[in-house]
Amino acid sequence: MIWLTWRQHRKQLLYTLVALAVAAAVLVPTGLSMHHDYVDSGLAACIAAAGTGQTIGQNVGDCGRLANAFSQHYNGLAFVGILFVLFPVFVGIFFGAPLVAQEFERGTHRFVWTQGVSRLRWAVAKFGLIGLVALAIGVLYAWGVGWWAAPLLSQGSGRMNYLSFDIQGVVPVAYTLFAVALGVFLGVYTRKVLPAMGVTVAGFVAVRAVVEWVARKHYLGPESIKLPIASTDQLNSYAGDWIYSNSVISATGKTLIADGQLQCSGGNVTSLMTSGTGGMDVGANPCADAAYQGAYNLQLYQGPDRFWDFQWIESGIFLALAALLIGFAIVRLRRIS
């Protein structure tokens, strides 16, 4: 069964290896260039000096200027990185969806089932081999893209941010296995390759969207930090936090600025950042307003030290879903007449 499965899907594996080789030909030189520029420009040293603490002093060097220059230079490559978020679904539609659906379309499943091979053994052999291939592809993908994108993700919200999180650590492997399992499951139920491929894409995107935008922020309760608006320190934007919200709260607990930060010195504004969507009327000089006396900046966030906690939680979710889908697919196969 293993040899038969290999012969049936060796072209897919060959095409995948060619695609990975082409990707490597692009990623390796551009990745080396980014890593070298990240160090040579002084940005790496500047961000390292800022540290991962929640506050930093006024003198943080030229991190902002260096980060902007680096981002502008490699802005186009950042969009390439976003495309890699979709890589697992391509593995799912080319390895998972045709795995069983193609057998039904060609009628080859009848030959195997009449040769004394049980459906369970047939399914385990096919699913197991393709699962190992998907695992290897997922690990290679996660390692390669994670290395390539590291300089781009070292600034601001870093690895915890939406999309950035998705191409780092172990979750790309879990996404890949889930996509393959989803393709297998839909291939068993539709028995048609193209419909299985189409629904795999839609299902993968839908599940990923729900987990990313709804579930992920609830894995762990956010941490908080309070910083008086008169403090000479400032919130560290280079710590790599996933920031939920920023607001300015009065001494009595009233929200003065619903979506922003304020810093004052000598009764004058030294820094004011607001999205303008908070519905608050920020005067020309809020620092001179009596309502702002004793006020503080409040930030809710997930720190970078929770990166692996979030990674393992989300990986567990997708691996559990993958296991359920494979289980349902096997049950369905055994009931097909």
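Backbone N, Cα and C atoms are what each Cβ position is placed from, and that goes for glycine too.
Values in this document were obtained by computation on a predicted structure and should not be read as measured data.
If you check TrEMBL, you get these features:
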TRANSMEM  12-32  transmembrane segment
TRANSMEM  77-101  transmembrane segment
TRANSMEM  122-149  transmembrane segment
TRANSMEM  169-189  transmembrane segment
TRANSMEM  196-215  transmembrane segment
TRANSMEM  310-331  transmembrane segment
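Within its own chain, the transmembrane segment (169-189) is flanked in space by residues 87-89, 91-93, 95-102, 127, 130-131, 134-135, 137-139, 141-142, 145-146, 159, 195-197, 199-200, 203-204, 207-208, 307-308, 311-312, 314-319, 321-323, 325-326, 328-329, 332-333, which lie at least six positions past its ends and keep a Cβ under 8 Å from the stretch. Distant neighbours of the transmembrane segment (310-331): 100, 120, 123-124, 127, 160, 165, 168-171, 173-175, 177-178, 180-182, 184-185, 187-189, 207, 211, 215-216, 219-220, 302; these residues of the same chain sit at least 6 beyond its ends, with a Cβ under 8 Å from one of its Cβ atoms.
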